[in-house]
């Protein structure tokens, strides 16, 4: 590769003095830690890790037994056509059957639980490791629905779930993607499977509020089993004046049900796209326009997977690390990645997006707008798209000679390569000295460019051994003035 000779690009007298971590790195670092769990209290309550929250959801010890020892809980279910014999003695008012819409949405809710754990659901009058039933009631007891935990004792009513429908409450008549009726179905099926509320409260028993929560993450941003708004944990699922809800288990629910019955790694084990151009075959994972409302925690069994949020026009923050949250499509903290899940790629939209990769080789595309992109570890492909984009590197190990990142569309005078948070600059204040070739001094940098191939590179010797400890390659030419330290 030939080296550009212009002094504005490579000169023995060109040097950059460290100015400390930049505002771009500050935004990356702040968002990367915004949803950290454990440790210090949040909202005056203990902050629970995913495992702690999962254990608390399972604290009542209720579970179905694997009767045939095949490693899977197989449940049959029916939609009741008449009230059970003790229905009226329980003060439930008038019985009614599920409508076709309710049946279809209940099946989708069950499917979302089967996706994440070793549980199957079959419509049949009986059979399997246990039986579930669905029905409507009319007498309000303060709750919109209720279900029974699977305790193995006489009169436990395990498997039953009931949904309120009367002249004053119609939400359960129209369940659908992202609405409260669908969330209610998913919540009650969670009880039937063995999950409790994240706190010791129940609808109809006093007037519980978030103040009664045991731990900070007891909100609908983390669990469909919670009663409390996601706003309590700094999230916001409101868009275009409407409140939206998860249609499937969220991060803590997924961890809990997998502790109980095991994880379903067969689910989406190939290359899966979530968001626009989705092939996940689930309504809650699919976006079709910038007005789409996504609220989900992704469970994925393997493959090379992509968050495609390219059709959104709003400013977005996308984090590919497991147990992280992202701000997608104008909402806040509405998309998360379940524990144990790896998503390799992320595509931003036309807003000013912030993208954070993980330790693997990611493909990160900012799209239009002035984007900030941090690949993290691994040999990443970074696309800024149109606009003035900043490519941030926080450690020497983020892009090495053995696994260099490649910036696929660098535009000099517009884009930036931000090295300001690398400790040699941020802490040790090592000047960055541009040279034509390494001479054995720490802090030397070589900018190279081949006009014929339009490929360039930035190599830095941090140890003074005349070898590149840090290497990032570019499609397009970078100048000294494009580097930030």
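Backbone N, Cα and C atoms are what each Cβ position is placed from, and that goes for glycine too.
The Ca(2+) 7 site in Swiss-Prot is built from 385, 387, 389 plus one of 398, 405, 415, namely 415.
The Cβ neighbour count for residue 188 (active site), using a 10 Å radius and every protein chain shown, is 24.
If you take the C-beta of residue 371 (Ca(2+) 5 binding site) and look for same-chain residues 6 or more apart in sequence within under 8 angstroms, you find 348, 352, 353, 354, 355, 384, 385, 387, 389, 390. Residue 376 (Ca(2+) 6 binding site) has its Cα within 10 Å of the Cα of none of the recorded positions 188, 191, 197, 367, 369, 386. When secondary structure is read from DSSP and collapsed to three states, residue 405 (Ca(2+) 6 binding site) falls in the strand class. DSSP states for the repeat 'Hemolysin-type calcium-binding 2' (365-382), grouped as helix (H, G, I), strand (E, B) and coil, give 0 helix, 6 strand, 12 coil. Note: the Cα of residue 405 (Ca(2+) 6 binding site) and the Cα of residue 191 (Zn(2+) binding site) are spaced 46 Å from each other. Over the repeat 'Hemolysin-type calcium-binding 3' (383-395), the average per-residue pLDDT in this prediction is 99.
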